[in-house]
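Below is one structure; the comments refer to it alone.
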Amino acid sequence: MQSYNIAVLAGDGIGPEVMAEAIKVLNRVQEKFGFKLNFNEFFVGGAAIEHCGYPLPAETLKGCDQADAILFGSVGGPKWTNLPPDQQPERGALLPLRKHFKLFCNLRPATLYKGLEKFCPLRADIAAKGFDMVVVRELTGGIYFGQPKGREGDGVQTKAFDTEVYYKYEIERIARAAFEAAMKRNKKVTSVDKANVLQSSILWRETVTEMAKDYPEVTLEHIYIDNATMQLIKSPESFDVLLCSNIFGDIISDEAAMITGSMGMLPSASLNEEGFGLYEPAGGSAPDIAGKGIANPIAQILSAAMMLRYSFNLNEAADAIESAVQKVLASGHRTADLADDSTPVSTAEMGTLITQAI
């Protein structure tokens, strides 16, 4: 029987509550599909500060090193905002984990589920078509990290500058990740750039076009970033996999998230070249609702499904979780963030309903 070790970092706020439901669902699929998941829990973020004095203790990092994947909850809260920036839960835990494991590829799915169209801010006729896309964002290159960057001069002559730098190998590996993701989905990649203006985008487009030759089953199209932001509003159903540089992906992934209508539904994954991944909900720790049993666990549960798909290649089990989520939503069950006139189900009840639907 295939066995996998998972470092479970529930973190702060609603993290422990929603993580418990993800574990519940994972226990169901490992029983149904005949593989073994070993869960090892570690402190991270504010919880780690309280117990160990550091947001990312050495024991936690060691546990992650020994794992096959990291299932991450959420970190942060008002209790720790007065700490020095590098000691705060977000910057002191999540960023070092990304750096340590060389997580260069961010996957952000955005899906509008049947029955949730009214939460979509788009026109009703557009929302009625639904959409199911994933944004593939390069995480370690581009203008956020390029050199030189800085400020110089004074008075009206003060200037600030940043540099957009991409190496061909950086574009190749993120393009490969996008094409591989498309192979598991609807076999279409839309590469986002600004090749009519930027040299970095010209290299981006050339390289992605070359890479496409290795994936003849996948349809490739190129789109300028300004047009991409418009088409996301006009016809989101036309997208499958959106391939983006760091800064363009930062913008596009948030736009795609907002048109779904609920951050509580959105998972994410950050991967390295070996397929090792950190999987987490796209939303935050929501300390205002922590402990009330009303948080939506679906983003955490879908993050677990992504882990099965992208790190372990357990596509059938991942499909089963995603189908169960769709079934439960289609039957009208809602947590408080999505409930209207109906009585909302609790965090634990939603987890149980999804588990039973598998």
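Placed from the backbone N, Cα and C atoms, the Cβ positions cover glycine too.
Quantities reported herein were computed from a predicted structural model and do not represent experimental measurements.
Counting every protein chain shown, the Cβ of Ile294 (NAD(+) binding site) has 19 other Cβ atoms within 10 Å. Among the features that Swiss-Prot reports, NAD(+) binding site is placed at 77-90, 284-296, with the record citing similarity to another entry.
Taken from Swiss-Prot, the feature substrate binding site applies to Arg98, Arg108, Arg137, Asp226. Within its own chain, Arg98 (substrate binding site) has Leu139, Ser270, Leu278 as residues 6 or more apart in sequence whose C-beta sits under 8 angstroms from its own.
Residues annotated as Mg(2+) binding site in Swiss-Prot: Asp226, Asp250, Asp254. In three-state terms derived from DSSP, Asp250 (Mg(2+) binding site) belongs to a helical segment.
For Tyr144 (among others), the entry in Swiss-Prot reads site 'Important for catalysis', with the evidence type similarity to another entry. The Cβ of Tyr144 (site 'Important for catalysis') lies under 8 Å from the Cβ of Asn246, Ile247, each of these being in the same chain and 6 or more residues away along the sequence.
The annotation site 'Important for catalysis' is assigned in Swiss-Prot to Lys194 (among others). According to DSSP, Lys194 (site 'Important for catalysis') is assigned to coil rather than to any helix or strand.
Here Lys194 (site 'Important for catalysis') is positioned 42 angstrom away from Ala290 (NAD(+) binding site), judged by their C-alpha atoms. Ranking the binding-site residues Gly77, Asp250, Ala286 by the distance of their Cα atoms from the Cα of Arg137 (substrate binding site) places Asp250 first.
Applying an 8 A CB threshold to same-chain residues 6+ apart, the list for Pro85 (NAD(+) binding site) reads Arg91. Taking the C-alpha atom of Pro89 (NAD(+) binding site) as reference, the shortest distance to any of the recorded positions Lys194, Asp226, Asp254 belongs to Asp254.
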